[in-house]
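First up is the structure itself, then whatever we jot down about it.
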Amino acid sequence: LTGMNATIRRIDQLTNILAPMAVGQIMTFGSPVIGCGFISGWNLMSMCVEYLLLWKVYQKTPSLALKSAKVEESELKQLNVKKESDVKPAEGVQLIVEKDVTGIEPQQEKEVNCAARMAEPFITFRDGWVAYYNQPVFLAGMGLAFLYMTVLGFDCITTGYAYTQGLSGSVLSILMGASAVTGIMGTVAFTWLRRKCGLVRTGLISGAAQLACLVLCCISVFMPGSPLDLTVSPFDDISARLFESEPLPTIASSEDKTEMVFATGMPNLLNGSSTPAQSDPEMSPEPVPLISVSLLFAGVIAARVGLWSFDLTVTQLLQENVVESERGIINGVQNSMNYLFDLLHFIMVILAPKPEAFGLLVLISVSFVAMGHIMYFRFAQKTLGKQLFVCCTPGPKAVSDGSPPGNTSTV
């Protein structure tokens, strides 16, 4: 199971390396339309291959087509109850009862069925959360969910901030490739640590490694080149941005047209004028120091080793410690928690979109990551007790395929 999870994650990281390279080359030497067509066709072909592989798995595993014994027993009990309730009364009694009940029973059944159908999603939602809370790996799952509340990833938010700091697209592509390489290193580290120290301790070591790397991101906030400005409130004019529309810029006349200088220092090339550095040296833009952004991305890239190792740890804990009949419910709740915290980090950026506030977002993200690993530490402390910091190599028979769930992660 450990090797399978790590292999799948390596394939995922390899696609993160190859996909941007392929699409970038197609859009560079072709056109954006050709690139969009390639992406659409590739997704359509991937969907067909995915369904074909799922069908193959279903055919090669006949047990997937059989229901568990518990479900069959409950269905048989329901059928027996229906059969007993369907026993017909005597003919004389039936004639008397039919007149009084024929007009009432359909209405009552409709009301019960409608109410049950309306309440069924809420009951399922409640039961899922109760089952998730009662799991022994609840704290580990919540720790993983807290890691999604972060801006320290190669998403559109971090990419936009990198552009404001003067990084080019080619540099960002190289950084994305480096992050995928460190992600693959994390899968390799996971398998080695799992074999040497056990599954629960692997999560502790991975979390400590991630937090140690994220210290660089915290330091970058206060280094030269960081746009952090505590005097500027990140919530200024938030009502104007969300609820009021700003007027579109007007085109100035030829008499009033002046030299336009963009934030990157590029002049307006439409009128063929020279650079402002040639005309007035005092107007030349000062180069932004790259110390802050370099430390930021160095911490983000290095932290991927611990991040993906921790992700694989929690994934395997959920696979081994959850009863088979509840795995679908628990995984669904876990995914919903991950997406919820991912949504919260986008809301956080909407509330504070200025580059001057990105440093605060970095500190908030690191604090959420730390809280997630604190939850996992509490889970590990409950699971291992005094053996928490005893890093030993489990025996070859410590984990068996037939062992009950709940005992496999305590090695």
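Cβ atoms are placed via backbone N, Cα and C, with glycine included.
According to TrEMBL, the feature transmembrane segment maps to 137-163 (among others).
As annotated by TrEMBL, transmembrane segment applies to 169-192 (among others).
For the transmembrane segment (204-223), the list of distant contacts is 143, 152, 186, 189-190, 193, 197, 289, 291-296, 298-300, 302-303, 305-307, 309-310, 313, 359, 362-363, 366, 369-370, 372-373, 376-377, 380, 388: same-chain residues at least six beyond its ends, Cβ to Cβ under 8 Å. Here TrEMBL flags 204-223 (among others) as transmembrane segment.
For the transmembrane segment (288-307), same-chain residues at least 6 beyond its ends with a Cβ under 8 Å from one of its own Cβ atoms are 147, 152-154, 158, 162, 165-167, 175, 178-179, 182-183, 185-186, 189, 206-217, 219-221, 223-226, 362. The annotation transmembrane segment is assigned in TrEMBL to 288-307 (among others).
As annotated by TrEMBL, transmembrane segment applies to 328-351 (among others).
The transmembrane segment annotation in TrEMBL covers 357-377 (among others).
Tertiary proximity for the transmembrane segment (169-192) is limited to same-chain residues at least six positions away from its ends with a CB under 8 Å from its CB atoms, namely 2-3, 6-7, 9-10, 13-14, 16-17, 20-21, 24, 154, 159, 162, 202, 206, 297, 300-302, 304-309, 312-313. Residues 127-129, 131-132, 135, 141-142, 144-151, 157, 234-235, 238, 318, 322, 361, 364-365, 368 of the same chain sit 6 or more residues outside the transmembrane segment (328-351) yet have a Cβ under 8 Å from a Cβ within it.
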